[in-house]
Structure formats: C-alpha cells, structure tokens
Amino acid sequence: MTTPMPTTSTVGAQTPAKASEPASAPDPGRIARRRRLAQWGFVAPAVVFMLLFFGYPLVRNVVMSFQDYTPKTFFTGESPFNGADNWSNVFQDALFGKALWHTLVFTAGSLLGQFCIGLALAVFFSRRFPLNGVLRSLILLPWLVPMVVSGIVWRRILDQDTGVLNSFLDTLGIGGHTPWLTSPEMALLSVILVNIWIGIPFNMVILYGGLQEIPKELHEAAALDGASAWRTFRSVTLPMLKPVVTVVLVLGFMSTVKILDLILALTDGGPADATQTLGTLTYQNSFVQLDFGAGAVVGNVLILISAVFAVFYLRANRTEGK
Amino acid sequence: MASHTPTASRRRWGSTVAGVLILCVMLFPLYWMLNTALQPDSGLLQVDPVPGSLDFSGFSKAISDQGGHLLTSLAVSLGAVAICLAISAPAAYGLARFGLRGSRTIVFGTLITQMVPGIVIANALYNSYVDLGLVNSYFGLMLADASLGIPFSIVLMRSFMVSIPGEVIEAAQIDGAGPVRTFVRVVLPMSRNSLITSGLFAFLFSWSDFMFALTLNTTDEVKPITLGIYQYIGAHVGDWGSVMAASVLSAVPAAILLVLAQKYIAAGITGGSVK
C-alpha cells in the first residue's frame with residue numbers, strides 16, 4: 001500500500017503555495033493565482049462538457065415541459081409557453097398511468113430476477129474448480145453485446161410460430177404456441193425475462209467481487225461453530241455483502257428504469273401498448289409525435305423517480321467509502 | 001491445495017461441468033444468432049439446431065447492406081473514445097491531486113450525471129443540435145456518445161490517480177517539470193491501466209449506443225450499425241439470415257475485447273461501479 005502525501009491527495013486542502021514559494025519571487029500571490037488557473041485548466045473542459053451535456057438538458061427539459069411543440073415548430077421555430085397544459089394532458093392520458101405501472105413492474109421484476117440469479121452464480125463461481133476464470137469471463141458476453149442486438153436475437157427466438165423456444169417447449173410437450181411477444185398478456189413478462197438475461201452478468205461480477213472481499217476466517221469460524229452452509233450464508237455472507245448489494249441494486253435500478261433500446265427492439269412498446277414504459281413514452285411523444293413538450297413531461301417524471309434513488313445511491317456510496 | 005485426493009478433484013471437475021452447462025444456457029441466444037446467420041435464408045421457417053452446411057450468403061448480404069454502418073460505428077466510437085479520454089484524463093488528475101476548491105462538488109456532480117436518463121438528454125439535445133447544425137453529423141454523434149463514457153472515466157481514473165505516490169509527482173516537480181509535463185510524462189504512463197480500461201468502456205458504450213443514433217439523426221448520412229440493424233428488421237422481416245449475420249458482425253468487437261482485454265473489462269465493471 002502506498003502512503004499518499006496529505007498535501008497532494010486530500011481533496012479541498014488549502015494551497016500550500018504561499019508558504020513554499022521562494023522568497024525571491026516578485027509577487028508570490030500572483031504566482032499562486034497563475035498556478036491555480038493552470039490547475040483549473042485540467043478540470044475546466046470536463047466541467048464545461050458535463051454542464052452542456054447533463055446540466056443543460058436537465059434545465060431545458062423543465063422549460064420544454066411548459067412549451068407547446070408541434071411538428072410545425074420545426075419550420076417556424078416557435079414554441080410558445082402554454083402553462084401547465086402539457087402536464088395536465090399527459091397526466092390525464094390513460095397511457096401515462098399504464099406506462100408508469102409497466103415501468104415499475106419491469107424494473108422490480110428485472111432487478112429481482114437479475115439479482116437472485118446473479119447472486120446464485122456468484123456463489124457458485126466462488127468455489128475453486130478448473131476453468132473457473134475462463135467460464136466466468138465468457139459469461140460476460142451477453143452484457144457486452146449491444147442491447148438492441150440482444151433484443152433482436154431474442155425477438156427471433158421468441159417468435160410464436162418459428163421461434164426456437166416454442167419448438168423446444170413443443171417437443172417437451174409443454175407450452176406449445178405461446179405468443180411471447182404478440183399477446184398483451186405475455187409481452188411485458190417476456191421483455192422482463194430478456195432483461196434479466198442481460199443483467200445477470202453484471203450482477204454476478206459485482207457480487208462475486210464482494211464475496212471475494214469477505215475474509216475467509218469468518219467462514220471458517222462459522223464452520224467450527226457447526227453452522228450449516230445455509231446458516232453461514234444467511235448470518236455471515238449476506239450481512240457482510242450488504243454494502244455491495246445496495247450498490248448493485250441501485251445501479252441496476254438506474255439502468256433499468258430508463259431502458260429504451262431493448263423494448264424498442266423487442267416490441268416497439270406494443271402490442272396494444274402492453275410494454276410501453278416511461279422511457280419509450282418519452283421517445284414516442286418527442287420523436288414520433290414530435291410533441292417535445294409532452295415528451296419533456298414524461299422525461300421529468302423519469303428524472304424525479306431516478307432522483308429519489310440517486311439519494312439512496314449516494315448514501316450507499318458514502319458508507320461504502322468509509 | 002493439499003487436498004488433491006481423487007474424490008476432491010472429481011468434485012471440482014463436477015463443478016466445471018456444471019459451470020459449462022450454465023455457460024451454455026447463458027450463451028445460447030448468441031449461439032442461436034450465429035447459427036441462424038450461417039443457414040441459408042430460412043424465411044419464416046424454423047431454423048435447424050445446427051447448420052447442415054455453412055452458408056455465408058447471409059454474411060455477404062449483411063456486409064454489402066450494413067458494412068458501411070459498421071465503419072460508421074467504428075469511426076464514431078473511436079472519435080468518442082478520443083474525446084472522452086482527452087477530457088476526462090486531465091480532469092481525473094486535477095480532481096485527484098490539486099485540491100481545488102469545489103473538487104468535491106464536481107466529483108459529486110459526476111456521480112449524479114450517471115443517473116440522468118439518456119432519453120431526457122436526447123430530448124433537449126435534439127433541439128439544440130438542430131440549432132447548431134449538429135444533427136446528422138459525425139462530430140455531433142461523437143460528442144453525444146462521449147458523454148456516455150466521460151463520467152465513468154473520470155470516476156475510474158480519479159480513484160486510480162489518488163493512489164499514485166505523492167513522492168513521484170513531487171520528484172518530477174523538483175526536476176523542474178510544470179503541471180502539464182508532469183501529467184504527460186509521469187502521471188499518464190503510470191495510469192496506463194486505468195486509461196485502457198476507460199478507453200475500452202468508452203468504446204463499448206459508444207459502439208452499443210442506439211438511442212443517440214436513433215434520435216440525433218434524421219437522414220441516412222450517419223447511421224451506426226445498431227440503428228442499421230434496427231431498421232433492417234423493419235424492412236426485412238423474412239430475411240433473418242442476413243439480419244443475424246449483421247448482428248454477429250456487430251457483436252464481434254465485444255467478443256474480441258472480451259478475449260484480448262479480459263482483465264480490463266473485469267476491472268472496469270467492478271471499479272466503475274463500486275468505487
């Protein structure tokens with residue numbers, strides 16, 4: 001381990017420039033200021049970029065949600081303010097309530113599935129056996145492939161008449177012609193199942209890392225006390241893993257709640273809006289209907305939901321760092 | 001270690017077999033993608049579990065239809081990586097080392113940005129892009145894609161640069177090196193691994209991007225492969241062979257990176273999220 005020098009590593013430390021500047025310098029204050037300026041030169045481009053690409057869109061979305069956009073706006077450039085019209089229109093539309101509900105079901109279902117299977121695989125791969133490392137890294141592949149591509153592959157697999165899943169279930173004599181993506185009853189479940197598949201590797205890798213950090217002695221001590229494997233897992237492993245679990249779930253939430261690619265590739269939000277979520281609804285409103293005001297409203301709701309969880313994340317992060 | 005008794009080693013190989021089975025289930029969709037791509041165009045018929053004879057017509061069709069989009073993806077992704085590293089490496093160093101007032105707020109802000117839904121950014125960005133003439137431009141898409149990697153890279157590299165021993169940096173300064181020279185000659189070479197990891201992930205994020213490609217382009221001028229494939233299924237529902245061949249081609253970079261740069265990928269997933 002390295003021992004970082006306090007003056008160079010602590011964030012927010014006062015500048016030592018005045019004290020260490022040689023006495024012969026003409027104006028120590030000016031030199032210190034120039035050095036500070038040079039130092040800001042390192043950070044400033046990133047700050048400007050993030051203000052333009054994250055700060056500005058956040059503010060602009062709030063403003064846009066009070067503006068009237070129509071396809072005509074793109075010729076005239078006029079988008080007059082219309083008070084809370086967009087908000088009341090969106091909230092009165094039954095589709096919004098549906099999309100909100102689908103978003104919650106999709107997120108909760110995906111997280112539950114990804115986490116449970118990811119944890120089981122993490123525990124499995126914590127054993128020592130030949131080829132462990134190779135298998136563990138190959139399992140990452142589904143997470144690395146572009147999500148749209150995964151969606152399209154699954155669309156082929158889940159095809160009602162010619163997909164391999166149904167023909168496999170047929171030979172087993174169960175299921176038969178399940179309309180995975182084409183019936184409103186099944187579509188949301190199917191989309192969740194595919195998203196679970198995508199999320200397993202990420203959950204597995206992080207939880208695996210967390211499991212490696214738990215000191216071996218704890219398990220040995222539990223074994224000496226005669227605890228069963230399940231008891232050890234519940235009373236030793238899970239509590240020790242808690243900070244990592246929080247981070248995995250919050251990050252999983254963040255990436256799941258806003259998903260767009262996968263749903264567009266699998267169902268385009270259909271059939272009969274059965275897989276419409278806040279993410280796809282924002283897209284539909286803005287880029288299909290060209291009503292950016294309505295899109296901004298749904299987007300703001302999405303941000304609000306994310307913000308609540310951002311608080312959780314930062315708290316989890318803080319305890320993690322300590 | 002010492003327990004190399006026959007039963008113990010048999011049990012270990014038993015786990016290997018179980019691991020292979022898990023892998024087969026997890027990777028089945030990707031196998032099916034390859035399998036479908038290698039069969040003669042089946043139209044809407046069922047696909048054989050194993051290709052009887054390899055048929056590359058799907059691939060040749062995919063390359064002639066989608067090859068240009070693959071090159072677009074490559075160009076946009078490499079550009080995004082360059083922008084991302086050029087902006088985030090100095091920032092990570094500045095935030096790790098200079099003790100500037102406000103550093104804490106900036107790091108905090110960086111964490112927050114990772115939570116802003118992309119579609120919200122696209123929503124606002126599209127209108128500005130129209131005004132700035134950045135719609136349908138390579139540079140516009142590179143900038144937007146760079147935004148996917150920048151917060152991640154700053155967090156990752158900063159946590160690495162904090163642990164560079166202060167003595168090394170001070171030694172460079174005593175030798176008369178200014179901040180830029182110290183950064184280029186000392187800090188960057190020492191941070192090589194975190195730079196590679198950040199660059200890899202910036203590439204993967206950009207290569208996988210669909211949303212910016214979909215929203216910030218209104219013509220066919222700048223079309224990455226993700227958008228190309230998405231529109232391909234709209235137009236060629238029956239022609240799954242070439243759709244899947246294009247999908248295979250789009251997954252190749254991920255597969256190559258996974259094999260060649262496995263340790264960086266693992267480091268990126270854990271480091272970028274838990275730190």
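Note that Cβ sites are derived from N, Cα and C of the backbone, with glycine treated the same way.
Remember, TrEMBL labels are computer predictions, not curated facts.
On a predicted model such as this, the values are computed, not experimentally measured, just so you know.
Quick look at what TrEMBL lists:
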- B:70-261: domain 'ABC transmembrane type-1' (DOMAIN)
- B:12-34: transmembrane segment (TRANSMEM)
- B:70-93: transmembrane segment (TRANSMEM)
- B:105-126: transmembrane segment (TRANSMEM)
- B:138-157: transmembrane segment (TRANSMEM)
- B:195-214: transmembrane segment (TRANSMEM)
- B:240-261: transmembrane segment (TRANSMEM)
Range from B:12-34, B:105-126, B:195-214, B:240-261 with most C-beta pairs under 8 A to the transmembrane segment (B:138-157): B:195-214
The transmembrane segment (B:105-126) touching the transmembrane segment (B:240-261) per 3+ Cβ pairs under 8 Å rule: no
Contact set, same chain, for the transmembrane segment (B:70-93): CB under 8 Å, 6 or more residues outside the stretch: 138-139, 141-143, 145-146, 148-150, 153-154, 156-158, 160-161, 183, 187-188, 191, 195, 198-199, 202-203, 205-207, 222-226, 249-250
Close approaches to the transmembrane segment (B:105-126) from elsewhere in its chain (Cβ under 8 angstroms; 6 or more beyond its ends): 95, 135, 144, 147-148, 151-152, 154-155, 158, 211-212, 215-216
Outside the transmembrane segment (B:195-214), six or more residues from its ends: residues with CB under 8 Å to it: 73, 76-78, 80-81, 84-85, 88-89, 118-119, 122, 125, 141-142, 144-146, 148-150, 152-153, 156-157, 188, 222-224, 226-227, 230, 250, 253-254, 257, 261, 264-265, 267-268, 271-272
